[in-house]
């Protein structure tokens, strides 16, 4: 495990790097450093840890992020963690160098040669928590003197009690910490005395948390996968709260999520209390969480509930994306909810499927998919299937439409090509789909005989590039592009990277991708 000194320095916010002048010449009081091409690389070199935002002034999501990013910068400044920003409309080459494809893009830098994307919630507490974890060693060494302080560094802290000579167990724990350091703060000690004080003996793992029973002791075998499952389960409250900071965690948990929609904090507190015993009984099988229906009521439509009719309850299978809405004419009683949840888990209750009507004819160049035909068309094992997931209000989708039709014609008009490749599209706001869609348009290729490994398209949206993508990634290697058969192709129809976060939320449909007047917030 790393030395104690590195942890103490990080806790104290002491800088190990030389002091540098602010990279921007602005005279405002912002704690976010505005970087340009000629200052970016020096700034990254001179700081151990930097979170950089690549943005565009016209981007609506960037504007929403700005105050949260500023709060996080101020909070992290005392810990010598720097937050910076780059305007990609002015520094296009720099943004291209770092693979920026959408706005905002956030990347964590540890020097110029080590950077990775930040994919967490775009809220100050989430950014702050994440960056503090990044500033510490993957496993922080604790002693009797700093133990209480380390336990309170984050909402969840995992501490291992392992003897120094137990090399194999130390190796397993360190590898686990490396793989989960983005989500959880890990610490460790070899002190048998400290272990005894905490009621355990070497080797042991204890998870400390700010909620429920405050701590959980792991009692299984010291194996990575079992430990990982324990940490994921124990770090989730019995009845939590769905919001921007927690949503992605629930979605990646690998088990269903039961939503409890209610308008007031008092109602949500009462429901959390009512269903706590059920949540405890089913822990590890399903997560329970309340959700503020005044702030996030639009999300109810994604679960096939009627928006604005609250309180409400629904279950979402986070793996298959199947939805199970509870009858909104009924009250949320312990008895009825228990029966409903157990029925869903047992497979006795069928999922609700939102689908447009199946088209009477489907003879156009692009095959139209609805939820009821998704399996039949996309999962056809004999064909390479390219699918555009779109939203009717999406400007980039509208711009792509004529080119996508021309692309479809290249295959549809050739009998041999048509037998091997399908070019298709689905309105992801009007149909339940099993795929996780983060922005519009999203284009994926489902190769023949390899449907569980779809390939997402991230290139420029020209007919030639799309056709070549199908050729290069499809099983049949169909080379359909013929410039004589298409109108002037031109360049990428977007003209600029897409505003990357436009999740499929029907009732949130904005008038444009850059600006949206929405009654509800986004998760």
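Every residue number used here counts from 1 along the chain in the order it is shown.
Glycine is no exception: its Cβ is also placed from the backbone N, Cα and C atoms.
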Range among 432-477, 478-523 that Swiss-Prot annotates as region 'Disordered': 478-523
Under 8 Å by Cβ from residue 122 (site 'Lowers pKa of C-terminal Cys of first active site'), counting only residues of that chain that are 6 or more apart: 61, 64, 65, 68, 69, 104, 106, 244
Confidence summary for the motif 'Prevents secretion from ER' (520-523), mean pLDDT rounded: 58
